[in-house]
């Protein structure tokens, strides 16, 4: 395609190639570290050491040991993960689903997407539930027992896909991501060079965004419930804290899968290419980091009691209400309806920007709901360790970074209109705070 459709990237994100390399190495390290720093086999959350020097000695001894590196690989776990990914692909192919058009591309075209992620989720839950009912909770504890091997297998899958998508992006006729055509191999491989890599009608990016990692997150949580049930003498003995985490995160995933068409207006789909950033995030980070609270509760049960349970439940419901109603206002408005008669401003480009309702309180009210829910997901673990609150800290950083990226993109797109809009809606995420 011409250089007009695929302009050279002139501005780096994430501090450019050094930052891209650091994140590409750092994300896998952090994923493993959250296990070795918070697990039963490691000795606690965190493991108890006499001093920082003792920690250093253990780390150095491990990473310099060939046996330690070999232990990261588990052939059985790799086959299990491959079977899971294959199941997701086959389900996408055979389960009926509507065809939905995405946003208009720079070429003037719209891609078509098959919508059946929620059906795939229900099928996976049905198979899992049937297995547990037939063979008992102990039959589904293998995810807990093969944790490290499954991380390694998913990491390998993410790496292979990033390499493949980078390589095929050089084929003639590819539409590249505006931010992924810098000419630097490391940066473009990380950020994603091709905007919508496909194999026939199989869209690699949107598939990975919703299916193998997001659904696996719920299955992991179910496995953690089974692990706790096996230890405590049955599902009736599972703690209230574990049920809360499972309920909150399952509902969140189900909501995202049920509202699959909303994905196609997000920055990940409309602007970002598919590289290691998204592949490792979708396939490794989401299932194996976001499930940290459930994994902790599997070996460290916490009984909350009625009052604390009610408080945590209320916190999550507040977050979900803000998240869902804010997204509902935005989606209705984008689809040409305005049932609440919300106020808006019209830019010189003709685009309409909401200035009332939740979107008049802040420019990203859905992020505020997300952050409140993130806190509710960690509260059931109690306050004995800060590690289980890693998700809250990480998610805050992630959403602030996304807000900054979005602000920069909108300023380039709308110019002075965006400056005027920010005066009407001054708060970024949390009203009167940020």
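Along the chain as shown, residues are numbered 1 onward.
Glycine is no exception: its Cβ is also placed from the backbone N, Cα and C atoms.
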Annotated transmembrane segment segment (source TrEMBL; candidates 55-77, 147-169): 147-169
Write down the single range among 204-220, 221-237, 238-254 that appears in TrEMBL as transmembrane segment. 238-254
Which residues of the chain, 6 or more past the ends of the transmembrane segment (304-323), have a CB below 8 A from one of its CBs? 239-241, 244, 248, 251-252, 358, 365-366, 368-377, 379-380
